[in-house]
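Annotated features, as they stand in TrEMBL:
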type     : residues                                       : note
DOMAIN   : 97-420                                         : domain 'PDEase'
BINDING  : H173, N174, A175, V176, H177, D214, D323, Q374 : AMP binding site
BINDING  : H177, H213, D214, D323                         : Zn(2+) 1 binding site
BINDING  : D214                                           : Zn(2+) 2 binding site
REGION   : 419-453                                        : region 'Disordered'
COMPBIAS : 425-434                                        : compositional bias 'Gly residues'
Amino acid sequence: MAFFLFQRCGEILFENPDQNVKCVCMLGDVRLRGQTGVPAERRGSYPFIDFRLLNNTTHSGEIGTKKKVKRLLSFQRYFHASRLLRGIIPQAPLHLLDEDYLGQARHMLSRVGMWDFDIFLFDRLTNGNSLVTLLCHLFNTHGLIHHFKLDMVTLHRFLVMVQEDYHSQNPYHNAVHAADVTQAMHCYLKEPKLASSLTPLDIMLGLLAAAAHDVDHPGVNQPFLIKTNHHLANLYQNMSVLENHHWRSTIGMLRESRLLAHLPKEMTQDIEQQLGSLILATDINRQNEFLTRLKAHLHSKDLSLEDVHDRHFMLQIALKCADICNPCRIWEMSKQWSERVCEEFYRQGDLEQKFELEISPLCNQQKDSIPSIQIGFMTYIVEPLFREWARFTGHSALSESMLSHLAHNKAQWKRLLPNQRRSSSGGGGSGGPDHTGPGTEAEGQTVTEGDAP
């Protein structure tokens, strides 16, 4: 009975967006009351690479090999699946916020469109529920709940699925990163040049793609999956392996939650395909493809945002910008993101070294410094894309502010370069279109997509 009461509460559409936070808090235990509760690990999700488990093998005297890595990961998948088959569903803790924290989170949401929005603080104020809280608020303020007749309980259930399918043990690719990208996407969707042409479907696609673009990320890059002969690399034939997995996982959660089940079948199929197109665009290996196309459009001035295809292309560009916007944030936040992404790189390098695999570019803590990685990433990936984005927006106040932060942050990292390397402004060597670095992921992470921090 309690579950149906919550469903009824979920149908309320608040006129005041600030009340949305209270709604999210109220719905926090829906998954504990109903039989359709969301398990922390979902069937078919990619089991995270447990570095602690791998570390323990050293003490047992085993010799690290590629075969052993594969065996350990396979064991994790078996253990993960067997728990679900035996009906053992992990119970996620109930998240409650006191009124003081709710008030602060509400105040922050009133400024969610500001570029200096502190996602780290917001995540603390929402007790680690930044992605769910942010998306519920944005869906409400953009009128998407009313327009698509979404049930609030079902929406919340879906967003909890997405948030919990991110791996919190990842320093960078976690739900906070997803929330940060979503907030940036919200800012870009408000750009006057774009906002006037967007439909409710465009806005929903942009926000959903931003929220789920890295879902179930294992904390290692595509080359690692390929050289360990991982099943995902085989499944997607070594092409956009992680991005394909993020997309397919998102579709699985949409169907499982039945968020869009009330919409016409043709419309849901179109939504699924467009989400795939957006998420796949974040593959850093396709950076030159999208940049070249954007330059050509801007040069010939033939972009028509009344055209659905051109509008979708600019949503792809907006998501790519949001994904690698960390270097364009204020220094304090940008630096923190940079340190997080490099920590994730270094963890992969340590793992590769432990199992006698070739250490991937940017993953050797002894050779690849954070400043050099960041400078390379900014120079070869971020600056070219954001210069063209500024051209598209007509050099809006936001785009000029981002370029200003980018220049300042790059100068900061140059000052932090080891003395012997300050003479080379390119830094980090690997940050270019080579994309062999760990972030081969859409995030531009290849050079350190996280360097945005």
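Cβ atoms here come from the backbone N, Cα and C positions, even for glycine.
Nobody curates TrEMBL annotations by hand; they come from automatic prediction.
Counting only the Cα atoms, the space from Q374 (AMP binding site) to H213 (Zn(2+) 1 binding site) is about 22 angstrom. The distance from the Cα of H213 (Zn(2+) 1 binding site) to the Cα of H173 (AMP binding site) comes to 10 Å. Regional average pLDDT for the domain 'PDEase' (97-420) in the model is 96. When Cβ atoms from all protein chains are considered, those within 10 Å of V176 (AMP binding site) total 23, not counting its own. H173 (AMP binding site): 29 other CB atoms within 10 A of its CB, across all protein chains.
Around Q374 (AMP binding site), a 10 Å sphere centred on its CB holds 36 further CB atoms from the protein chains shown.
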